Amino acid sequence: TDTTSEKRPASPLPPFFTVLHFPSVNFRRHRFQSRRSSSPGCLSPFPPVKLPGGFLVSVSNTDSCLFSTGTSDPFVKFKLDGKNIYKSKVVNKNLNPIWNESFSFPVRDLDQTLHLKVYDRDLRSNDFMGSSSFPLYKLDLDRIIPMTLPLEDPNSEESDMGVIILEACLSIREEPAKRNVWLLKMHLFSRKSRVSRVFLTSFSFRNQVWTGIYTVILVEGQNMPDCGQGDVYVRFRVGEQRVRSKNLCIKANPQWRESFEFNQFQDVQENLAVEVCCKRGRKSEECWGVLDIDLTRLPVNQRQLYTHELDPNKGRLVFLVTLTPCSGASISDIQSAPLDNPTTFEEMQEKYGLMKCLWDLKDVGYLQIKLIKATDLPSTDLSGKSDPFCTLELGNSKLQTHTISKTLNPEWRTALTFPIKDIHDVLVLTVYHDDGDKAPDVLGKVAIPLLTVSNGQQITRTLKNNNLSRTTKGSITLELNVLYNPVSVKTFQPKETKFAVDNPKFNKKLLARNIYRVRKISMAILYTLQYIKSCFNWENTRRSITAFLIFVVAVWLWELFMLPLFLLLLIGWNYFHITPGMASYSQDLVISVFFFPSLQESEKKGLMEKIHMVQEIVLTVQNTLDEVACIGERVKNTFNWSVPFLSFLACLVLFLATAALYYIPLRYIVLVWGVNKFTKKLFNPYAIDNNEILDFLKRVPSDVQKVRVQFYI
C-alpha cells in the first residue's frame with residue numbers, strides 16, 4: 001500500500017538546522033533483463049534526526065518507476081560520504097514502482113554529494129541496476145526543485161539505463177541552541193547560494209559576539225538570620241554564565257564586596273537570576289530567596305543599586321549592576337582580519353599608545369587571532385577521519401569556529417578578535433571532534449599567555465591533552481597580534497572570577513600532588529632554618545665568622561630601605577643565573593597515586609554519613625594545601641624570572657619602594673597608609689577590598705602552571 005508523504009513546514013527560527021525534502025522519486029528503466037525476487041520487504045521511513053551543528057535532510061518518495069521488459073523487485077539505497085543513510089522498501093514485480101516514503105538524515109556540509117543506487121532484490125544477492133548523484137549545493141532555500149537524474153552503470157553496454165525523477169526542497173528546521181555550552185556549528189553555503197551563505201554565517205557568528213558587559217557588585221546582606229553554624233553564599237546567572245560568591249559565616253550582615261562580569265550578547269534578552277543559599281553540612285542546603293532582575297531596561301554606564309527582600313524572615317540582599325558597552329569581539333574570514341587594514345591598525349596603535357594611555361584605563365587591549373589550520377589530528381571515526389572545530393577562550397570569553405567534516409588537516413582560515421580584560425590572561429585553544437548529539441571529544445589543547453605573543457609571526461604549536469600535562473598528536477598553526485595599554489594592565493587589581501563549573505569532587509591524585517608541593521616548600525624553609533642554626537652552632541668556623549660579621553654590620557647600619565633593596569638584588573642575582581626557556585619542576589610533579597582500600601557493600605550503608613563528612617574535610621584540606629602551595633611557588637617564581645614582565649614590574653616597584661623609604665620617613669608613609677584605609681569607605685561606600693600583593697602574586701604562575709603553559713618569551 002502507498003503512504004502519502006508528509007510535508008513539514010519550514011521553521012521560522014534562525015537557520016542552524018536545514019531540512020531537505022524529496023517529495024518524489026521516479027525511475028524509468030529500458031531494456032532490462034530482470035530476475036525473479038522473493039517476497040517483498042518493507043522498511044519504514046527513516047525518522048527525522050536532530051543533530052546539533054548541522055543540516056537535517058528529509059527524503060520522501062512518491063512517483064513511479066518504469067521498466068520496458070520483464071519484471072524486477074527494485075529498491076533504492078541512499079549514500080552520503082560512503083555511508084548508507086537510508087534504504088527504501090522493495091516493490092515486487094514492478095517496472096514502475098511507487099514508494100511513497102519519507103526519511104530524514106543530517107548533513108553538515110552542503111558541498112557534499114548525495115548518491116542514489118538502484119538494486120534488484122534477489123534471494124542470493126542484489127543485482128545492481130544503476131546509480132546517480134547530485135550535489136546538495138544545487139538546492140535553494142524554501143524552494144521545491146524537480147530533478148531528473150539519469151541512471152548510469154559503467155559495466156553495462158546499454159546507453160540508456162533509465163532515470164530517477166525527484167523533487168528536492170531545502171528548508172529550515174527548528175532546533176534549540178545553547179550558546180555558551182556548545183555553539184551550533186555549520187559550514188558555509190555553496191558557491192551557488194551566496195546570499196544564504198552570507199546570511200547563515202553572519203547569524204551563527206553574530207550569536208557568539210558580545211556587545212556589552214554586565215558588572216555585578218555583591219555588597220552585603222542585611223537583617224539575615226543570625227543563628228546556627230554554616231555558610232551563606234550567592235549564585236548569579238545570566239543565560240549559561242554562572243558564578244558563585246565566596247562562602248561567609250552565617251551572620252546578620254555578611255559583607256561580600258565581590259565583583260562579577262557577564263557578557264551581553266547581540267539580539268539576546270536575558271535576565272539576571274540571583275539565588276541566596278545557606279549550607280549547613282554536606283547535604284543540607286537551604287534556599288533563602290530567588291530574585292529575577294530584568295536587564296533589558298538597564299541604562300548604559302549608570303550604576304543601579306538593588307536592595308531586594310528575600311523570603312520571609314531571611315533579610316535583604318544589596319548589590320549593584322552596571323551595563324558597559326564593549327566592542328572588539330568579532331569573527332570573520334581571514335582575508336577580512338581587522339588589523340590587516342592599515343587604517344584600522346594605525347588607529348589601534350594610536351589608541352593603545354603612550355600618548356593616550358591615560359584616556360581610558362578600563363580599556364586594556366585588543367587581541368586578534370588568525371586561526372589558519374591544524375595538521376595531523378587524531379582520528380575518531382571508523383573511516384579514519386574527524387570532524388574538527390576549534391574553540392578559543394580568553395578568561396570568561398569564548399568564540400568558536402565552524403566545523404570541517406571528514407578531515408585530519410582542517411583549514412579554518414578564520415580571524416577572531418577579543419577585547420582584553422587582563423593582559424595576564426592565557427589564550428586557550430581547544431580542538432574538538434564534533435560528535436553530533438554527544439559531547440564533543442577533545443582532540444588537543446594549546447595555551448598561550450598574552451605576554452609571550454610576538455605580533456605578526458605565524459607560529460605552530462604542538463597540541464597537548466585536555467589538562468595540558470603532556471603532548472599529544474597534532475599541531476595547530478596561527479598568527480597572533482596583541483595591542484595593549486601599558487598603564488592599564490590591572491596587575492594590582494582583583495582578578496576576574498571564573499564562571500562556575502561542576503561541583504568539585506575529591507581527587508586522590510590532586511590531594512597527593514598538593515601534599516607533595518607543600519612538603520617541598522616546607523622542606524626548603526626547613527633547610528634555610530637549619531643553615532642559620534648551623535651558623536649559630538659554629539659547625540663551620542669560617543661560615544659562622546662571616547655570618548657574625550654580616551649580622552653585626554647589618555644591625556648597626558640597618559635602615560628600612562635595605563629590605564626592598566635586598567629583594568631587588570636577589571631578583572637581579574637570579575636574573576643572571578637563569579637558563580631561558582627551561583621549565584623546572586616538571587619531573588617532580590610525577591606522583592604516585594595513593595591507594596584507598598574499597599569498603600564492603602555492607603559497610604557503605606552504615607558509614608555513609610561518616611564518609612561524606614570525611615570527604616568534605618579532605619576536600620577542604622585539598623583546596624587549602626593548593627592555596628598554600630601556590631602562594632609559596634608564586635613568590636619563588638617571581639624571583640626566578642618565570643614571567644619576565646612580572647619580575648621586571650616587581651623590580652620597578654621595589655626600586656620605587658627603596659627610593660620612597662630612603663627619602664621619606666617611615667612615620668609619614670604609615671600615616672598616609674592609615675589615613676587612606678580609614679577614609680576609603682567614606683569616599684566610596686561600595687569599594688571592594690583587595691590586597692595588592694596577593695593580587696600581584698595571582699598573576700605569577702605556580703609550578704603546575706609553568707609545566708602546563710610556557711610563560712617565558
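Glycine is treated like the rest: Cβ placed from N, Cα and C.
Here TrEMBL flags 35-149 (among others) as domain 'C2'. Averaged over the domain 'C2' (35-149), the predicted model reaches a pLDDT of 65.
Residues or ranges marked as domain 'C2' by TrEMBL: 194-308 (among others). Broken down with DSSP, the domain 'C2' (194-308) shows 13 helix, 65 strand, 37 coil.
The feature domain 'C2' is assigned by TrEMBL to 350-463 (among others). Under DSSP, residues within the domain 'C2' (350-463) fall into helix, strand and coil as 8 helix, 52 strand, 54 coil.
Taken from TrEMBL, the feature transmembrane segment applies to 548-576 (among others).
Annotation comment: TrEMBL describes 645-664 (among others) as transmembrane segment.
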